[in-house]
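Read through the structure below, which is laid out as structure tokens, and then see the notes.
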Amino acid sequence: MANDPRNFPQRKLLVTCALPYANGSIHLGHMLEHIQADIWVRYQRLRGNIVNFICADDAHGTPIMLKAQQMGMSPEEMIAAVSIEHQKDFAGFDISFDNYHSTHSDENRELASHIYLQLKKNGFISSRTISQLFDPEKEMFLPDRFVKGTCPKCKSEDQYGDNCDACGETYSPTELINPKSAVSGATPVMKDSEHFFFDLPQFESMLKEWTRSGSLQTETANKMQEWFESGLQQWDISRDAPYFGFEIPGEKDKFFYVWLDAPIGYMGSFKNLCDKRDDLDFDEYWNKDSKTELYHFIGKDIVYFHSLFWPAMLDGSGFRKPNNVFVHGYVTVNGAKMSKSKGTFVKASTYLEHLDPECLRYYYAAKLNSRIDDLDLNLEDFTQRVNADVVNKIVNLASRNAGFIAKRFEGKLAENFVEPELYNEFVAAADRIAELYEAREFGRAIREITALADKANQYVDEKAPWVVAKQEGKDQELQEICSVGINLFRVLMTYLKPVMPALAARTEAFLNEELTWEGVAQPLTAHEITAFKALFNRIDPKNIEAMIEASKEDAAAEMAAKEKAEASNAAQETELSKDPIAEEIEFDDFAKVDLRIAKIVSCESVPKADKLLKFQLDIGGEMRQVFSGIKAAYNPEDLVGKYTVVVANLKPRKMKFGMSEGMILAAGPGGKDLWILEPHEGAQPGMRVM
């Protein structure tokens, strides 16, 4: 067995998944990446390598701040609840993280500040005043993701303000065509603000060398070359208050842009792990001259940040760069984008309520490769492939032989192994399967394994132990045939252990033997196994249908909760909250104001005045002329004969159109939304308002 791990030096690896954003649930799109990374990590551990597998919630930014407000809680409360939910989902899919943390942590604050200050010290940070989009209704600067419009590069509509999902380009939100605030829908206005920039162009030579190292995926390297040719730009790393995140050291009301401290979250999570253990050294893994290996698994939508900004930030602040960034595509369901209305936008928790997580792990593995290809979760194919491969070909191999071993031979395998050539063929496949796992060609590895399963079942079919069992004097032959079948099953499950850890654990209990990569070199002989129990259940199409219906219900409940929160927030935004009560005054101050009932004798528009109406008011034996800016709210003729309230002792004011001898009282924010005060029936002109 040439690829025996005992023949190679032990590797030390730090592996990460992209940090899920802490404002929503994990769904099957997220799970592609986490399953892909977990399979690779489990394979490395199976080969005897030391792996630290870490992740965290990406917990900063305006979206989190606004959603927390919508939910009526603090951002800290919301991200704490989301973290619990995320970790439960990942555990449900057997994602074997060594540590799961949050970017909103002391470790991350310290590391983000340290990296920023080092970059500043080394001359890679500058500041300048920029014109930035500002929401005039919400009175806030708009983060990139809260401006939507048409991409300036490819002209795709409904794109975010920082990068285009259609063409992958990044740009400034001010470059968007027809921008709109995603918060209020208002057209943003430009407003000046001082911002801080990371000088990415200074790292172009280093990044080109890193790209040419040959370790990056071809598609990633080609995309980076396009970015080099179009020219690297300085990167805006700051955001203005209000913002949920870390304040920039030494600056007031300036915060780190979420994409600065998010990847530093990899370091923060590992630092948190190091602080909890005494066998890990943070510097050993992150020093510039580190001999350990660092790998990031990410989706294709965040390549720009991980292949340009992140290695440049690390290099500029004295840390090591990643060995590689493994990029995957998106998940579609039944050939289309995941849809909430169709029930194909499936949350991880909803899946776990209806189906075995190992089914999805196997199916994703069977379709994954090392390229940046989208993966389609075809639910019909999903059912057929899992049932055919896992149940019919692999698990059935054990059930076809285990019964005879248990009933006829007290659970003991044969002392002699009678098919060494066949077994050696299975063992020889280990090197090829190992290469495919290492290269993340999981689909090809699965095809190698299922091809071996076909050979194992062919052997059992040809030997027909159910026929031999009925023949006199054939007990030894029966035991030997079934022992071969059990041993071939053992090899197959060893190869599948990174993909299906729970099934592998049940197999180990059945075989009474740990499955190890080097262990397959020799078959089990004269070995006692336990009584066979069902190891794996078929997928029932009814469960998939139930999952789809539950996903539709999830979407409806989510929409109802959102509408309820919005209604609650709208109710909370009272007139009083929008226009707070003025400072207290003494009673004597109020007593100076003489309010009287007035009858509107006449009312007419003022020529060449957009807002004014001219009133003649009877205030009880005395006529007053008053001008009032309520023209947008009333037709003059509709007011004649009505009673209202007027400030009678207001000093007369000379206006362009005449003398105004008082003030009519009206309520409202202005414009069309104004209502004059009217007394109840019985009030007479000249009466004092007490």
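Note: Cβ is positioned from N, Cα and C throughout, glycine not excepted.
The shown structure was predicted, so the numbers you read here are calculated from the model rather than taken from an experiment.
Record features (Swiss-Prot):
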MOTIF     20-30  motif ''HIGH' region'
BINDING   CYS151, CYS154, CYS164, CYS167  Zn(2+) binding site
MOTIF     337-341  motif ''KMSKS' region'
BINDING   LYS340  ATP binding site
DOMAIN    589-690  domain 'tRNA-binding'
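Distribution of Swiss-Prot features across the structure.
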residue : record              : Cβ neighbours (10 Å)
CYS151  : Zn(2+) binding site : 21
CYS154  : Zn(2+) binding site : 12
CYS164  : Zn(2+) binding site : 20
CYS167  : Zn(2+) binding site : 12
LYS340  : ATP binding site    : 15
Separation of alpha carbons, the residue listed as 'ATP binding site' and CYS164 (Zn(2+) binding site) (Å): 22
Cα separation, the residue listed as 'ATP binding site' to CYS151 (Zn(2+) binding site) (Å, whole number): 25
DSSP-derived structure type at CYS164 (Zn(2+) binding site), helix or strand or else coil: coil
Distance, LYS340 (ATP binding site) to CYS154 (Zn(2+) binding site) (CA atoms, angstrom): 27
For the Zn(2+) site built from CYS151, CYS154, CYS164, CYS167, further residues of that chain with CB within 8 A of the site's CB center: PRO152, LYS153, LYS155, SER156, GLN159, ASP165, ALA166, GLY168, GLU169
Where the residue listed as 'ATP binding site' falls in three-state DSSP terms: coil
Structural state census, the motif ''HIGH' region' (20-30) (DSSP three-state): 3 helix, 2 strand, 6 coil
Cα separation, the residue listed as 'ATP binding site' to CYS167 (Zn(2+) binding site) (Å, whole number): 24
